[in-house]
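Data block below; observations after.
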Amino acid sequence: MNGVFAKRRARLLAMKAIRDNHIPGDKAITCPKCGQDSDRKSVAQNLSVCPKCGYHFPIGAYYRLSTILDPGSFRELFEKLPAADPLSFPGYRAKVEAAQRKTGLTEAVVTATGTIGGRKCVVGVLDSRFFMGSMSAAVGEKITLAIEYATKNRLPLILFAASGGARMQEGILSLMQMAKTSAALARFSEKGLLYISVFTDPTTGGVTASFASLGDIILAEPGALIGFAGPRVIQQTIGQTLPEGFQRAEFQEEHGFVDAVVPRLQMRDTLSQLLRLHEKGGRT
């Protein structure tokens, strides 16, 4: 019976991943980094990475999960947690519904359990297609519940960040998710459990200033934009010219903020190796 359910979960994730990775149209894709055209099939087969220069295209949450979890191991957590409009912000509910129809998501994060290299873990993935992955009250609650689930079951935690920060339509209720997720991670850390944070492009604002920066191990995809405020705002504030690429993953790795820049094609093997090194559930 477990095998039947595993096959159904695998088919469900595969269907959602195909939807996430579908690129409409039949024309070649022009890479925004190198400017060269590539056929859609070669980009898709390369996990949405430009085969010419290695530029990492943004990808959906379910597709990302399909690239890292063992087949048949995906089990979604808290998928029915609804989006909310706590401030009755004008036009907000209609925009949320439009984002739900466009992406097939209920909110900007997908949380799940699964195995990577045979080792069970909890994974959360922010999806930048949904309000730029901004942190609403529902997103913060879902991430907190995933952290608490990992704490209760003594499982490693992996969170993929891709966000423009707090969601302005929810005001202070959005901002408080920074404290809530960070507090949940503090309780998780007290149990000596492993938390791996992965920065993807872009990760900014309140997400950078909270749970994304609290990993025991911090990884990043190549070229990911990582920061709190934008470079123009910082330059105007401090009145100085900033180093070229100072908010990119490679610069962050060079200066010690990121432990390793890991290409998408190597992410699953890297995570599997890290989980293997920490498979007793605590930090080594």
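Placement of Cβ uses the backbone N, Cα and C atoms for every residue, glycine included.
According to TrEMBL, the protein has these features:
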DOMAIN    27-284  domain 'CoA carboxyltransferase N-terminal'
BINDING   Cys31, Cys34, Cys50, Cys53  Zn(2+) binding site
ZN_FING   31-53  zinc finger
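The number of other CB atoms found within 10 A of the CB of Cys50 (Zn(2+) binding site), across every protein chain shown, is 20.
Within 8 Å of the Cβ centroid of the Zn(2+) site, not counting the listed residues Cys31, Cys34, Cys50, Cys53, the chain contributes Pro32, Lys33, Gly35, Gln36, Ser38, Pro51, Lys52, Gly54, Tyr55. Other C-beta atoms found within 10 angstroms of the C-beta of Cys53 (Zn(2+) binding site) number 13, with every protein chain shown included. Mean model confidence for the zinc finger (31-53) is a pLDDT of 93.
Remark: secondary structure over the zinc finger (31-53) totals 6 helix, 3 strand, 14 coil, with classes taken from DSSP.
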